[in-house]
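Participant: One structure coming up, written as C-alpha cells, with questions to follow.
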Amino acid sequence: MDSPQTRKTALNLPTGMSETSLRLETLSGSLRGVSSLSSPSKSSTCSDRFIPCRSSSRLHTFGLIEKASPVKEGGNEAYSRLLKSELFGSDFGSFSPAGGNQVGSPMSPSKNMLRFKTDHSGPSSPYSPSILSHDSGLSSESSTPPKPPRKVPKTPHKVLDAPSLQDDFYLNLVDWSSQNVLAVGLGTCVYLWSAANSKVTKLCDLGPNDGVCSVQWTKEGSYISIGTNLGQVQVWDGTQCKRVRTMSGHQTRTGVLAWNSRTLASGSRDRNILHHDLRVSSDFISKLIGHKSEVCGLKWSNDDRELASGGNDNQLLVWNQHYQQPALRLTEHTAAVKAIAWSPHQSGLLASGGGTADRCIRFWNTTNGHQLNHIDTGSQVCNLAWSKNVNELVSTHGYSQNQIMVWKYPSMTKVTTLTGHSMRVLYLATSPDGQTIVTGAGDETLRFWNVFPSMKAPAPIKDIGLWSLGRTQIR
C-alpha cells in the first residue's frame, strides 16, 4: 500500500500551485453549485456557457417546474395543501402520500407545456379566477344591460274627422288596402282616403233605405266588398269606383266580411255564414250554420285553409274550407267574440277577444283545440291585430277605458297603452307596411298611431310632432 507521500508525488502540478490550493478551489466550486441548485430563485454568477441559468429562465412561469414549497417543521401540511388548492386550483401541484414532491420525468413533458398556470385552474374552487369565465356557465350577455323598452309615441300623428261613424260593436266599418287606401263606411256612404296624398273619394251611396255595415278589401287591394243593412254583399272596383257585383242570401244586415284568395265569406245577424265566389253566377256557393246569434267576427287563416268566426253567442268556431260543420267549437269566452286574429308568425295560432262580460284575450292552438294562454285586459275587447314585423299584437277596447294596448307575445307584457278616444274603439286597421294602425270610435274620429317598428330596421320609432295637432275631415 502506498503512503500519502507516494500519492502526492504522483501528481504533476504546475509550478507555483500546491495540492492544497487545488482542493480548496474544488470544494468552493462544489458548494457554489449546490447553493445554486437548492435556491434557483437567487442569482448566481456561476453558470455553464452551453446551459442557460435556470434561475433566469423563469420556467416556473410556464409551469415547466412544479415544485411545491417545502413544509416547515411543525407546520400544518394539510392546511398548506388546501390553501394552495384554493388559490391556484386543484391541479397546481400534487403531493405524494408521504408528503414528497412528484417530479415529472424529462422524457414525459408536463401537461402545462406552453400554458400559463392560471389557464388550468378549474372552477372547482369558488376563489378560482376562472369562476367568472365561460366554463362557469355565466355568459358575457349577463353583464350587458338590458335593452330599453321600445319607444312608442303616445299621441296620434294624424286625426281625421269621420262624421256619422256608428257606435255599434257588431259592425266593421274600416279597412286599409294593400295599395295604401283606407275605406270607411259613414252612414249610407263609403269613402276612400289615399294615405299617399290624403285625397278623399266618395265610392258609393246606398241611398236612404240602406246603410253600410261592413267593408273589406281583397288581398290585392283593387276590389272592395260592402255589406249592407238589407243583407246584400256588393263588390266594387276601387280604382274606377264602379260596382261589379251584387249578391244576396242573408235575411238581415251583413256586419262582417272576410276575403281569402278566391272566395268571400260574409257573416250576418241571421246567424249564418255564406261563401261567395265571383267566378260563378250563383249568389253563394255554401252556407255555414253553427252560431246561435249574430256573427260579428270573421278571419281566414294565412294559408286560407281555416276560417275563424265569432258570434254574439259567445262562441268561437273554426271551420275547414272543405266542410260545412265546424272543426272546433271553443266556448270559454263569456261575452260576444268580435276580435279575432291569426298569427303571421306561427301556424295554427289564433287570438280572440271577448266583450264586456269577458274582457279576456285568449290564445288557441287550432291543431288540437287547446287554449294556450289568456289574459284579463280589464275592459271590452273590440279588435285584435298581429304585427307582421315583430311578434306583437295590438288590441282596442271599449267599456270602460277606451284604450289601445300593444302586447309582446308570448310573454304578454304590455309595450304601451294609448288613449285619446272618448268612446269605444270599435274599429281597427293596419297599414300595408305594418308600422301604423288606424283606430275609429263612436266619437267620429279616426286616429293614426305609429306602434310597430319596420321589418328592415327595428329601431325605436320617433314621434312625429308635426302631425300631432293636424286634423282633417274625411269627407
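Glycine residues also receive a Cβ, built from the backbone N, Cα and C atoms like all the rest.
A quick note: this is a predicted structure, and the numbers were derived from the prediction, not measured.
According to TrEMBL, the feature region 'Disordered' maps to 99-159. Summarising the annotation, TrEMBL assigns compositional bias 'Low complexity' to 128-144. Among the features that TrEMBL reports, compositional bias 'Basic residues' is placed at 148-157. Per TrEMBL, the feature domain 'CDC20/Fizzy WD40' maps to 160-449. What TrEMBL lists as repeat 'WD' is 288-320, 418-451.
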Participant: Take the repeat 'WD' (418-451) and average the pLDDT across it for me.
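Facilitator: The predicted confidence over the repeat 'WD' (418-451), as a mean pLDDT, is 97.
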Participant: Summarise the repeat 'WD' (418-451) as counts of helix, strand and coil residues per DSSP.
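Facilitator: Secondary-structure breakdown of the repeat 'WD' (418-451): 0 helix, 19 strand, 15 coil.
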Participant: Helix, strand, coil: count each for the residues of the compositional bias 'Basic residues' (148-157), based on DSSP.
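Facilitator: Here the numbers are 0 helix, 0 strand, 10 coil.
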